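Annotated features, as they stand in Swiss-Prot:
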type	residues	note
ACT_SITE	Cys53	active site, nucleophile
BINDING	Thr52, Cys53, Asn54, Arg55, Ser108, Glu113, Pro114, Gln115, Gln119	substrate binding site
BINDING	Gly188, Ala189, Gly190, Glu191, Met192, Ile193	NADP(+) binding site
SITE	His98	site 'Important for activity'
Amino acid sequence: MSSTQLFAFGINHQTAPLDVREQVSFPADAMEHALHDLVSHRPVREAAIVSTCNRTEIYCSTDKPDEATHWLADFHRLPTRELEPYLYRLPREKAVKHAFRVASGLDSMVLGEPQILGQLKDAVKSAEHAGTLGMLLHKLFQRTFFVAKEVRSSTEIGTNSVSMAAASTRLAERIFGDIGEQRVLFIGAGEMIELCASHFAARHPKRITVANRTVERAQALAHRLNGQVITLNELPDQLALHDIVVTCTASTLPILGKGMLERAIKARKHRPIFMVDLAVPRDVEPEVAELDDVFLYSVDDLADIVKEGLDSRQGAVAQAEAIIDSNVVNFMHWLESRQVVPTIRALRDQAERYRRHELERAKKLLAKGEDPRKIIESLSNGLTNKFLHLPSYALNHAAEDERDDLVDLISRLYHLHPSE
């Protein structure tokens, strides 16, 4: 039987700091290439990659898990020893449970947050498009989405949760008090920026500006917010005009450097700028935090705020874990039954060959005009002898130390009671 198994590995906000996570993230436009590289250069049959600001995880089907895990460092041109301390490896049942917990929001920085479910679905679509999603992973994610829906509909896991977007707004209010007098700049136009923009817009800031590489998408968001649009090229001149900056783009390199912020602060005559960088890899150079008049927060810095209200939801967590555990058992039953299918198929094929052989022999005897009753008797004897030959041979030739186990096994298979 093949030793190919379900396997998951990766890093997340619990095991690795931001400066490590950003080194192994996968931009959306590089996902297909990465998936092809993994299945082409490693003993991996199926693969899906989940890459968010808080995690990079690979779900795969492989018979050599160690080679699969080494790929992550190799692909990003990192020494394996540098990534090793932060990696988790989850074989079979642990991989299933982890997938269910992630989709249900139990493994998120924001407990119960719904965005991860959409991110998982995006990962599945990418794997489907790349042709790396086989039956095993398809079944896993199909069940994963079912479990996540059950958890969210049967528990209050998402109640009173503080999203990253809400946390950004709360932090801004702590620094400025009334956001209604502040000018807010959003860099990017993806889902996270849209969520943040909705929270800030509800506070009616003095002005909202959206900067994005694709102007059309920025215009659509700005229109909903009654804001204005600028291009990324205009950032050096426009930055000083804003009090609050929230950024989350898919750029692989920082777009806001220390020098640009120094010039902006000088132009603002040292009035403070509040910045939230929700991107991974980061949009803002970490050195910007060294500036006295810049309050820079990353996704990891928001952790304490998003944990507010966690104690009140421990009951919901216990309910969710129970739902997940039950579904893990069911999925493992399916997985284990799937692994014996080839053996069952081979057994049936062998029986079919016996049947056809005896049937053809009987037909030839009938064609010769021999007694049908004798032919039927001969056919039944032939089938009986063929079916019993191999187990009988195994019993007669078994080694002494394995004979008792073999007797027990055959007795159970054929419901025998030899001692009676």
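Here the Cβ of each residue, glycine as well, is placed from N, Cα and C on the backbone.
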NADP(+) site, defined by Gly188, Ala189, Gly190, Glu191, Met192, Ile193: further same-chain residues with Cβ within 8 Å of the Cβ centre: Phe186, Glu194, Leu195, Cys196, Cys248, Thr249
Per DSSP, three-state class assigned to Pro114 (substrate binding site): coil
Spatial neighbours of Ser108 (substrate binding site) that are distant in sequence (at least 6 apart) but have CB under 8 A: Asn54, Val102, Ile116
Where the record names Thr52, Cys53, Asn54, Arg55, Ser108, Glu113, Pro114, Gln115, Gln119 as binding substrate, the maximum Cα to Cα distance in Å: 15
Neighbourhood of Ala189 (NADP(+) binding site), C-beta criterion under 8 angstroms, separation at least six: Val210, Asn212, Thr214, Arg217, Ala218, Ala220, Leu221
Cα-Cα distance linking Ile193 (NADP(+) binding site) and Pro114 (substrate binding site), given in Å to the nearest integer: 15
Nonlocal neighbours by CB distance (under 8 Å) for Gly188 (NADP(+) binding site), same chain, sequence gap 6 or more: Ala211, Asn212, Thr247, Cys248, Thr249, Ala250, Ala279, Asp283
Closest of Cys53, His98, Ile193 to Gln119 (substrate binding site), Cα positions, recorded positions only: Cys53
Rounded Cα separation (Å) that holds between Thr52 (substrate binding site) and Met192 (NADP(+) binding site): 11
Inter-residue Cα distance where the pair is Cys53 (active site, nucleophile) and Gly190 (NADP(+) binding site), in Å: 13
